[in-house]
Amino acid sequence: MQRITLTRPDDWHLHLRDGEQLATVLPHTATVFGRAIIMPNLKPPVTTVDQAAAYRERILAALPAGAHFEPLMTLYLTDNTPPAEIEKAAASGFVHAVKLYPAGATTNSDAGVTDLARCEETLAAMAERGLPLCVHGEVTRDEVDIFDREAHFIDEVLDPLVQRHSRLRVVFEHITTQAAVDYLRQAPDRVGATLTVQHLMANRNHMLVGGVRPHYYCLPILKRERDRQALVEAATSGHPRFFLGTDSAPHPKGAKESACGCAGVYSAHAALPFYAEIFEAAGALDRLEGFASHHGADFYGLPRNRDSVTLERAATPIPEAFPMGDDTLVPFRAGGEVAWRVV
């Protein structure tokens, strides 16, 4: 197969940042994807509907000419988010989810939730109003090994949460383990999961063997090869609760290549071609449209996009870096190739 045409896809987990970074990365997504769930972990975080509205306007103002892209905004959950803010979010028409960052779990998560018990009334309001909770699924206790954080989160936080709030819709974002796949398969229909390019294409050996490769460093961290294989099987299975979420996360090159580098992989420059490569290798190109264009919209209760995009099988070079303000942005598979391109 040399060409495939899909319903225009959506990205259900995206970091756009702000300012010069926003201006650099937004065109990569907006020219291919119809919509994206926009992460709220700015500095300061987007914790109110008014802040989300202002951020949305900055995104719309930065769109390239001719782009028809809708940013789906989120709120950053804190220990003190009031139920009234959830009511306002649900009525806004542009806030589509609330994001749970356990405090200290990833980039700009210091203001995150320290104890989910403090959020029970807020979570109940979300369940009542049908506003999904997107979760970064890791515990952050010092005694838990970084490679085990996700499994602990399932047992200690996610499953009890799902059982306590029987109507709450939950998106288990950027899953990385066989344990997460197994959990999703037996979870209620109101629990979905996103899968990233890097977790489907790479394991921890890519990051650590033969030298540390900081541009593979992300959170949740890359896992074992058997976990990667389980993720590929899940993504390509056609299961309706696994869907595309890149977690594309830009950082300046200098912030990645340092003694204490930032977590995040930038994949938006070729996200859909990367997923096509993954699905082709699995013999499942016929299921790419469901994963990329249908499942996420269906889970969020939004209409599927009405237009389409076409991919062509053609080896396409990837730049070593993109200019970004006074620094540069190193993309996933920098200096290499991807087997598909959007035409």
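The count begins at 1 with the first shown residue.
Every residue gets a Cβ built from N, Cα and C, even glycine.
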Starting from the Zn(2+) 1 binding annotation in Swiss-Prot that includes His13, His15, Lys99, which of Asp189, Asp227, Asp247, Asp286 is the extra site residue?
Asp247
Swiss-Prot records Lys99, His136 as Zn(2+) 2-binding residues. Which of His68, His165, His174, His199 is assigned to the same site?
His174
Identity of the substrate-site residue among Leu75, Leu77, Leu219 (reference: His15, Leu16, Arg17, Asn41, His136, His251, Ala263, source: Swiss-Prot):
Leu219
Based on Cα coordinates, which of the following binding-site residues are within 10 Å of Lys99 (Zn(2+) 1 binding site): Arg17, Asn41, His136, His174, Leu219, Ala263?
Asn41, His136
Inside 10 Å of the Cβ of Leu219 (substrate binding site), count up the other Cβ atoms and send me the figure.
20
Of the binding-site residues His13, His15, His174, which one sits closest to His251 (substrate binding site) when you measure Cα to Cα?
His15
